[in-house]
């Protein structure tokens, strides 16, 4: 389904990029490297930090990390990377995963919109930022993701000024993967998939030594 790069020896390989403009890119990189050290995915996979259009051009998949969506958007525009990111995420042959701020950056519509956040507009969802409150209301919750990741229950999902998906604008294309209540009442979507695009409102990269989510991402989206 996805294009591969070829090494000099002729073996196929894929490159997972981690956008390194701002935010938790090191944590994502460390989780990915641990997955590659502990598992065989059947193909050669390389991890690359992405700061320039040249970096991005080498990637088959891209992770947009959690952080600060306004800063991420402004840096991408100021450095000239935004048009390349836009083209990448709208390419159906590329894989994209956005966590927290990455979810905001990928979304088509913001409920509490900021003029400073120029989103990439690829995921047809309506997102509300800081749905659980500010930094002081951040929390970690044990979640059961076994309905889409076999054996992935009791996963420590960390929500930091987390966005949520209030409305799926294209329910035919966008599939809800995980829902949870906000303030004990309204149920909102915290993870969705649209073919080659995955988003989570929480931070799997902050789950210490638990790499199950990243392992599933590699198997489901990159190595298949």
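Cβ coordinates come from backbone N, Cα and C, glycine included.
From a predicted model like this one, the values you see are computed outputs, not experimental measurements.
As recorded in Swiss-Prot, the features of this protein are as follows:
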BINDING   67, 68, 69, 129, 160, 161  L-glutamine binding site
ACT_SITE  100  active site, nucleophile
ACT_SITE  203  active site, charge relay system
ACT_SITE  205  active site, charge relay system
Residue 69 (L-glutamine binding site), number of other Cβ atoms within 10 Å: 29
DSSP three-state assignment (helix, strand or coil) for residue 205 (active site, charge relay system): helix
Sparsest-packed among the recorded positions, when each Cβ's other Cβ atoms within 10 Å are tallied, from 129, 161, 203: 161
Lowest local Cβ density among 68, 205, which the record lists as recorded positions, within 10 Å: 68
100, 203, 205 filtered to the active-site residues whose C-alpha is within 10 Å of residue 161 (L-glutamine binding site): 100
Same-chain residues at least 6 apart in sequence whose Cβ lies under 8 Å from residue 100 (active site, nucleophile): 65, 66, 67, 160, 161, 162, 163, 200, 201, 202, 203
All-chain count of other Cβ atoms within 10 Å of residue 160 (L-glutamine binding site): 21
Where residue 69 (L-glutamine binding site) sits in the secondary structure, as DSSP reduces it to three classes: helix
Cα distance (Å, whole number) from residue 205 (active site, charge relay system) to residue 68 (L-glutamine binding site): 15
Three-class DSSP secondary structure - residue 160 (L-glutamine binding site): coil
